[in-house]
Amino acid sequence: MTQIEILAPAAESTVTAHELTAAERNGLITVAGRLTGPAHPLIDSPDWLGAAREATSLLPRQLLGTLRAFRHDPGADGVLLLRNLPVTAGDPLPPTPGVPNSVERVPTTAASVIVSVMLQLGEVIAFRNEKSGALVQNVVPVPGKEDSQSNAGSVLLELHVENAFHDNRPDYVGLLCMREDPTGDAKLCTSSIRRALPLLSEATRRVLAEPRFLTEPPPSFGSLGGVRSAHPVLQGDLDDPNVLVDFAATHPLDERAKAAMAELREAFVETMAAHRLRVGDLAVVDNRVAVHGRTSFTPRYDGEDRWLERVYAHLDNRRSRVDRLGGGAVLN
Ligand SMILES: O=C(O)CCC(=O)C(=O)O
Ligand SMILES: [Fe+2]
């Protein structure tokens, strides 16, 4: 889409949040304690990920139940909002990183928490051509990148399925708030196809279910992104389909397909939930059922800007084996 309209969410999120009790929060600090500290290997090493896989079964019982239920059915919104997660073990948070492609290599409380939670949903993965293949990535505004359609930008980030072009895109995207946007303007926006579908005409649904769309890889993937073939935007059972679209990277192949995509975007905007994430909020987006984006905001680059940590997970490690060199967690 060439013309990017304003995402102007009417109200705060109506997505049900699961707030951890003080005891559950302490339970998470204990789990993170098993994975943090100078004696531990770096996050991207097989040893650390193995330790995190062992630690994940020690998460508080109720949280395990909530995650299992979400995996079974992501609900009408396709988003799970967890609140009151620890992001430090009491020590002060460092300044928000302000450099391109910033990632977390040393296991911190926050990194241990988000990885332990995401490991309950699937296998934690990353992409070699994105943020150097690091499993825990920082989502921060970067000077000079203001206008980019990436998470380093601060202009409106269009609604998208994460890595929509990739055959083995993540099934879940976890975004943990480390520091709130001091201006309050930056909001994670999510829309689900389950809420949008009833707003679409029968004819539009049929067009969206045909292979009349092409999705480009982001420039960072270079030639390894490969040439992808035309795909439908709605996939599977048309009564409850999966969605595959990125409104900044998916191109309709004809006029009718273009109109159908525009109608879909309108339906998404109408049914959108906007989340002003607070410290310790973890939004998990089901990347088959929901799209996400972000409103525009004005960074200050003073170390106090909005800061999220992001981790991907997917469900079928065998399905993706062909893309994971050596059987590791990083996909080509
Ligand atoms: O900044 C946000 O709220 C979302 C950014 C995003 O789409 C991402 O990191 O995948
Ligand atoms: Fe995203």
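Each residue, glycine too, has its Cβ placed from N, Cα and C.
It should be emphasised that the depicted structure is a prediction, and the values quoted were computed from it without experimental measurement.
Reduced to three states, the DSSP call for H160 (Fe cation binding site) is strand. Under the heading Fe cation binding site, TrEMBL lists H160, E162, H292.
Among the features that TrEMBL reports, 2-oxoglutarate binding site is placed at T204, R306, R310. Around the Cβ of R306 (2-oxoglutarate binding site), the same chain contributes T96, V140, P141, C177, R179, E180, D181, P182, A186, F297, P299, each under 8 angstroms and 6 or more positions distant in sequence.
If you look up TrEMBL, you'll see 145-312 marked as domain 'TauD/TfdA-like'.
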Any further residue of that chain within 8 Å (Cβ to the Cβ centroid of H160, E162, H292) of the recorded Fe cation site: L159, V161, A164, V173, D246, V285, N287, V291, G293
Neighbourhood of ligand 1 - binding-site residues from T204, R306, R310 with Cβ under 6 Å: R310
Residues among the binding-site residues E162, T204, R306, R310 that border ligand 2 - Cβ under 6 angstroms, in sequence order: E162
Separation of alpha carbons, H160 (Fe cation binding site) and T204 (2-oxoglutarate binding site) (Å): 19
Whole-number mean of pLDDT values that fall within the domain 'TauD/TfdA-like' (145-312): 95
Least Cβ-crowded entry, counting other Cβ within 10 Å, from the binding-site residues listed as H160, H292, R310: H160
